[in-house]
Amino acid sequence: MKYIIVTGGVMSGLGKGITTASVGRNLKNKGYKVTAIKIDPYINIDAGTMSPYQHGEVYVLKDGGEVDLDLGNYERFLDTELTRDHNLTTGKIYQTVIDKERKGEYLGKTVQIIPHITNEIKDRIRRIAAKSGADVCLIEVGGTVGDIESMPFLEAVRQMYREESPENIALLHVTLVPIDSQGDQKTKPTQHSVKELRELGLTPHVIVSRCKKALMESTRSKIALFCDVPVEAVISAHDSADIYEVPLQLENEGLSNYLLKKLILKSTLEDTNWEEMVIRMNNCTGNVNVAIVGKYTHLEDSYISIVESLKHGAIEIGCKFEITWFDAESFDDDPSEVEKLNGFDGILVPGGFGERGTEGKMLAIKYARENNIPYLGLCLGMQLAVIEFARNVVGLDGANSSEFDENTPYPVIDLLPEQEDVVDMGATMRLGDYEATLKAGSLAESIYGASLITERHRHRYEVNPNYVDRIEEHGMIFSGKNKNRMEIAEVPSKDFYFASQFHPEFKSRPGRPSPPFKAFMGAMLKKSKEKKDQ
């Protein structure tokens, strides 16, 4: 097994995740099977109970793992499926070690950071890498070198570096090269970051320098001199117009070839599919405008998979798109604000939890339905679509979800039966892959081109089956079902009205877009052309 460790210095948010994913993509293009592990040094067991404002979107894996959004980038760039084990957290490691201590597995020894915690980290990494069957395992260490939370993980990496053969491990350090008021690129932050890394016993083989513009040769040479790496190992990772251009940029910098040389590997393939996809993306014509009405719109990373899925659909049909974000609470406060949705080619309501903003979202859904604007609802976006339809079309005044109103006279959305006795919040929802059978002749079947699909879920509430017949009598049909569970709602009388209990955005890939997002993008493009022809 070959290991590539990715660390970061100077500050957080430099793009270690995209760098890791891009390195992996380029190695895959060279013919190697790649897997990736994300280390998050927080004490939470997983990301499932975190607010999106803390770390952005909670990404859901096929096995139901609720993980850091970086694993979404790994899956999209590598076109692979990971598991919950691929996200290591301090909480998971400590919980395992404490459980072992309680079982007496340490034979009465004093349990310490070294060797017990570090051994558990190393064992996890090696076990995950071996189980994946990959040729190369990328390991991104979250946080910044110097953070106290990261110390046990960096020590484990140091030990791995000592234990593995030199040709089996490479250390890649991502740093920042800022520009001063005179426009000069400054190397001091990088020098100090590498110095701090060395104090921990780690010497980087490659330095990836994040900067606004391409590194000047003088800057590159200075970093090489003071950080003791070859000039060709100083990589310019300057700002790109789109994250999908980063693998091409790093390839042009010679990074993958340098890593192959370090790891004594040979290129067995030159896959150009990624490059061709980027060319198609940059040659898209036409434009559609989509309104996203959500609860966490102040941080776009809260909906990163949705944005990327829209991009995948747009690339596939060859159009550009622009997103306008709307805070659903603004519609709560002033319902007339919903008129701002006039003129959009499509409206999307994403998932979420809690009552805040739900009435505003339903105003947006109603506006889409009444004005025949293409609508895509995801998870809560489906539940609210059902509530809105029940209130305003079926005539069930006061219909609601029991999540928001326990005393509603018409609980058209209710708690999943298996959730009734659940007390803990973490990892207790209906999570991960579940199948859905699609109704023949429905929009859903035409979108997927199949009668049976598998998608990822994350919810505690569902459409109450006691109201299904009554709702369907008035024109909304449930075209996707998992036994007696409603998975997809659509209104056939509208040009495009599709809402799913699942999250199709988690399975969308560049070059292989999620069917609902591709169809939604197509419906918006059609709407845009119709407006121009009027």
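A Cβ is built for glycine as well, from the same backbone N, Cα and C atoms used for every other residue.
On a predicted model such as this, the values are computed, not experimentally measured, just so you know.
What Swiss-Prot records for Ser12, Lys186, Thr187, Lys188, Pro189, Thr190, Gln191, Lys222 is UTP binding site, and it gives sequence analysis as the kind of evidence. Per Swiss-Prot, the feature CTP binding site maps to Ser12, Asp147, Ile148, Glu149, Lys186, Thr187, Lys188, Pro189, Thr190, Gln191, Lys222. Residues or ranges marked as ATP binding site in Swiss-Prot: Gly13, Leu14, Gly15, Lys16, Gly17, Ile18, Asp70. What Swiss-Prot lists as L-glutamine binding site is Tyr53, Gly352, Leu380, Gly381, Met382, Gln383, Glu403, Arg460. According to Swiss-Prot, the domain 'Glutamine amidotransferase type-1' annotation covers 289-530, on the basis of sequence analysis. Annotation source Swiss-Prot lists active site, nucleophile at Cys379. Residues annotated as active site in Swiss-Prot: His503, Glu505.
The binding-site residues examined here are Gly13, Gly17, Pro189, Gly352, Gly381; by Cβ neighbour count within 10 Å, the least packed of them is Gly13. Comparing Cα positions, Thr187 (UTP binding site) lies closest to Glu505 out of the recorded positions Gly352, Gln383, Glu403, His503, Glu505. In this structure, the C-alpha atom of Ile148 (CTP binding site) lies 14 angstrom from that of Ser12 (UTP binding site).
Taking the C-alpha atom of Lys186 (UTP binding site) as reference, the shortest distance to any of the binding-site residues Gly17, Asp70, Gly381 belongs to Gly17. Comparing the Cα of Met382 (L-glutamine binding site) with the Cα of every entry in Lys16, Asp70, Pro189, these being the binding-site residues, the smallest distance points to Asp70. Summed and averaged per residue, pLDDT over the domain 'Glutamine amidotransferase type-1' (289-530) gives 96. Neighbour counts of Cβ atoms within 10 Å were compared across the recorded positions Lys16, Lys188, His503; the minimum falls on Lys188. In this structure the alpha carbons, written CA, of Glu505 (active site) and Gly352 (L-glutamine binding site) are 14 Å apart.
There are 23 other Cβ atoms within 10 Å of the Cβ belonging to Thr187 (UTP binding site). Residues within less than 8 Å, Cβ to Cβ, of Leu14 (ATP binding site) and separated from it by at least 6 positions along the same chain comprise Gly8, Val174, Thr175, Leu176, Arg210.
Long-range Cβ proximity for Asp70 (ATP binding site), meaning a same-chain Cβ under 8 A and a gap of 6 or more residues, is found for Lys16, Gly17, Thr20, Ala21, Lys38, Glu140, Gly142. Checked against Lys188 (UTP binding site) by C-alpha proximity, the binding-site residues Gly15, Leu380, Glu403, Arg460 yield Gly15 as the nearest.
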